[in-house]
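For reference, TrEMBL has these:
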type	residues	note
DOMAIN	B:19-437	domain 'DUF112'
TRANSMEM	B:20-48	transmembrane segment
TRANSMEM	B:109-134	transmembrane segment
TRANSMEM	B:146-162	transmembrane segment
TRANSMEM	B:168-186	transmembrane segment
TRANSMEM	B:257-280	transmembrane segment
TRANSMEM	B:317-340	transmembrane segment
TRANSMEM	B:360-380	transmembrane segment
TRANSMEM	B:412-428	transmembrane segment
TRANSMEM	B:468-488	transmembrane segment
């Protein structure tokens, strides 16, 4: 987005947004997502019968989930059948791996925070996000990660006294 | 109308402690709202935990502040970075960014703040008179009416929102499903808990909203397609001149009315109203060619309208208990956590709360106006901080925040799961809004439906024969059938046109 190519009118801007849009994934991806929901809906329906549907006069615990399951199956089946018409799904690109890494640091945080406190996993998360996901320098990433944890310690542990597990 | 309770509400809001929390809310709402990629729904969701440790009234006042601050945060990024924080600020980009490029960013942001203030205030005054009337009407509602109304609310949001209707409906279905997890209130049976003790009480609303709206957005932004964001332009003048205010006063007045009226409609009222207000100003202008080149009315009208609409969309929430859009759905969830169930009884049973909520909006609005102008310089400085540095901070705030809601590590895991789901939904073209909304309304819908069936002794025709629920069913049919009819008519018209050509 350099200054020389800047859009001047709303029409040009709309065109530019269109051009900057991520690559579309095509109908197959919508169909696949919908197929997963069809299976989920079917599983819900089976589980609902096990819970006991009851009668219309005396609805059981499974009646409402059964209706939702049926709705999911029907609506997603229609989606599978009409998937041709959808082009709003996005293709996974090489940088989509970064998302998995980012998610990994969060899950790690969730797994260990209960035992060793938030400082170490927090610093690891901040460092990975800065250095590897944000491509900042080693120096800035190290200092940034430590500074963030110190700031969070001051705010959440000392100032707000939240019970977040902490090491020190 | 009982005016003493209105005044009582003011005395609650004006307590120093409540004012302080409202101030903090506006400030933090703006700070998080200017983070690129985080719209108002995400901002309110991420900040939910900080409202949970204070008293209900104070929490709600703080929420109102966050709500206004987050809305204005989206405007700031629209004008300075050409990144609309949400759909209702898209049209602001056209003239707002053009103004910023000419060194008039301060004028644009100033007029947006003034317009938001006027629009919001007009809307609150109208709400004050209108809401009790709607609430009184809704007092006669029984389970059947609520069942149909909740269904109607979900359908409207699914059909008016951006993106595909069908996909929105599938997302809403998933939301309803998630709401069934936990012990069944009628029979005590455990549903979809997979023998997990943590799931027995159901899934909390906060991790769902924080994950889907907050983490989902942040993860999605990690892919970073468009390269580095544009650096914000330099600020020359910080305030709109007298002439500029005069020039946009008409647009602000008209925007207030358009915004209020369209905002009452459930689903996308703010988006619709900002576009309608922009189009109307352009149409009635003597020099429509100025629009898109930095016309100040082009900023004033949509910003006034979307704030007026955001305020009037509280009417269906506070009087019927039906949230009209994703952001209001998050606020609905926050109210439920505080033990406040919005609905027609709220105004009679908890007048202090009801008027506390309404009147806190005045305060939120005024604080927004006072704070936005001197703080613009700080926001510009925040926008210069790279997103790569802000992202880990936001993630850590979200994770620690999720823990503090119930002091549960399980909730941190849930946030991660819903963050992943939110990312995947965005990738596959599903909006998370309908899911969250349906989740919020899910248990209400189920219990209303089951109660109705027991009431009708299993005969579903009762929904149609009761007068109010009958009318609502009719509205439901129209909402479902209208798009199909419209498609049929355009197809017929196209065919007629083709035949003419042949």
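Using the three backbone atoms N, Cα and C, a Cβ is placed for every residue, glycine included.
With a cut-off of 8 Å on Cβ pairs spaced 6 or more residues apart, the transmembrane segment (B:317-340) and the transmembrane segment (B:146-162) reach 3 or more such pairs and are scored as touching. Contact between the transmembrane segment (B:257-280) and the transmembrane segment (B:20-48) is not supported, since fewer than 3 Cβ pairs fall under 8 Å when only residues 6 or more apart in sequence are counted. For the domain 'DUF112' (B:19-437), the predicted model reports an average pLDDT of 86.
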